[in-house]
Amino acid sequence: MISMACNIAGVSMKNPIIMASGTYGFGREYQEYVAPALLGGIVGKGLTLHPKDGNQGVRINETASGLLNSVGLENPGVVAFLKDELDEMTRWDTAVIANIGGANLEEYVQAVALITENAQKRRTMNRRGVDMLELNISCPNVKQGGMQFGVQTEMAREVVRQVRNVTTLPLVVKLSPNAENITEMAIMCEKEGADGVSLINTFSAMKIDIRRRRSVFENTYAGLSGPAIKPIALRMVHQVAQAVSIPVIGIGGISSVEDIIEFTMAGAAAIQIGTYNFVQLRAGAELVEGLEQWMQREKVNSLDEIRGII
Ligand SMILES: Cc1cc2nc3c(=O)[nH]c(=O)nc-3n(C[C@H](O)[C@H](O)[C@H](O)COP(=O)(O)O)c2cc1C
């Protein structure tokens, strides 16, 4: 009997396939292509305390085997998310994960406190709230904050510590590949009470418009994602999974069942699909189906049999 079920930080998921933040809207946008209930979970678009317009100019640029983006955390803000999106999301039989960004420490703390309060209030009314938080300390596309926190372990420690103080919700910290030392960062998160880590966010990267003799992006740099980053993401997941005992969610260029198996063998408890959602709108459904077929074919009843075997 094959089971793809997994449990991440106390949240049960029917399979380990989660849609990555910023590539799946709030799920509604993909509903006509993939039934949300097929998925292990959906991470919503990165939220900030206040609404954000995002960056001016070019936001997306395709590279060899990858994608550069400079969206700059455009989002409706936490309050609008709780009011306009959460009811719909919590109707689906899939884990609802809120991704939180911030320009400074106070913004992170207030945003997380609001979502936590909301979840508690809904619980008293027997209604489901956000199931899990993913703390984005690693967005490279906002001038202030974000990335700043994701690079230095001691700066990140303060964010994780203060956020942990104001929430009882399962807390996963999303790590940046641009961190000075990603393993040290993950160990810090575990020590500060995070329930899991997810990695990686995008690599800081660049593209120059030689005709205009300037960067393609207003903020000069942009974030690189997609198959181009997969081998590095895999190496980082492998290193981090060996260093911590909390669950590690693998992210980075995953575009096939084989990629999911690689990340699982490297130690990932679950994985997220990002850029591949833009290539294949039915990515989630295709990969869930494909993973089950692979397990049947390979006579693997549970992914625990192959997790972290490398
Ligand atoms: C257009 C775009 C927007 C993104 N927005 C967010 C975001 O708001 N918050 C976040 O934590 N990560 C964001 N990411 C990063 C992805 O969630 C993911 O970590 C990264 O793209 C690597 O995975 P992939 O190679 O499968 O895309 C974004 C990525 C892309 C391509």
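Numbering starts at 1 and runs along the chain as it is shown here.
Here the Cβ of each residue, glycine as well, is placed from N, Cα and C on the backbone.
The model shown is predicted, which means the values in this text are computed figures rather than measured ones.
Listed features, source TrEMBL:
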type	residues	note
ACT_SITE	Cys139	active site, nucleophile
BINDING	Ser21, Lys45, Gly46, Asn99, Asn136, Lys174, Ile200, Gly226, Gly252, Gly253, Gly274, Thr275	FMN binding site
BINDING	Lys45, Asn69, Ser70, Val71, Gly72, Leu73, Asn136, Asn201, Thr202	substrate binding site
DOMAIN	5-295	domain 'Dihydroorotate dehydrogenase catalytic'
For Gly72 (substrate binding site): DSSP state (helix, strand, coil): coil
Local backbone state of Asn136 (FMN binding site), from DSSP in three classes: strand
Which of Ser70, Asn136, the listed binding-site residues, has fewest other Cβ atoms within 10 Å: Ser70
DSSP-derived class (H/G/I helix, E/B strand, else coil) of Ile200 (FMN binding site): coil
Confidence summary (mean pLDDT) of the domain 'Dihydroorotate dehydrogenase catalytic' (5-295): 95
Contacting binding-site residues for ligand 1, chosen from Gly46, Ser70, Gly72, Thr202, Gly252 when the Cβ sits under 6 angstroms of any of its atoms: Gly46, Thr202, Gly252
Local Cβ density at Lys45 (substrate binding site) - other Cβ atoms counted within 10 Å: 22
Recorded substrate binding residues, Lys45, Asn69, Ser70, Val71, Gly72, Leu73, Asn136, Asn201, Thr202 - maximal Cα separation rounded to whole Å: 16
Candidates Ser21, Asn136, Gly252 (binding-site residues) - the one closest to Thr202 (substrate binding site) by CA: Gly252
Those residues of the chain, 6+ apart, with a Cβ under 8 Å from that of Ile200 (FMN binding site): Ser138, Leu175, Ser176, Pro177, Ile182, Ile229, Ile232, Ala233, Met236, Val237, Ile251, Gly252
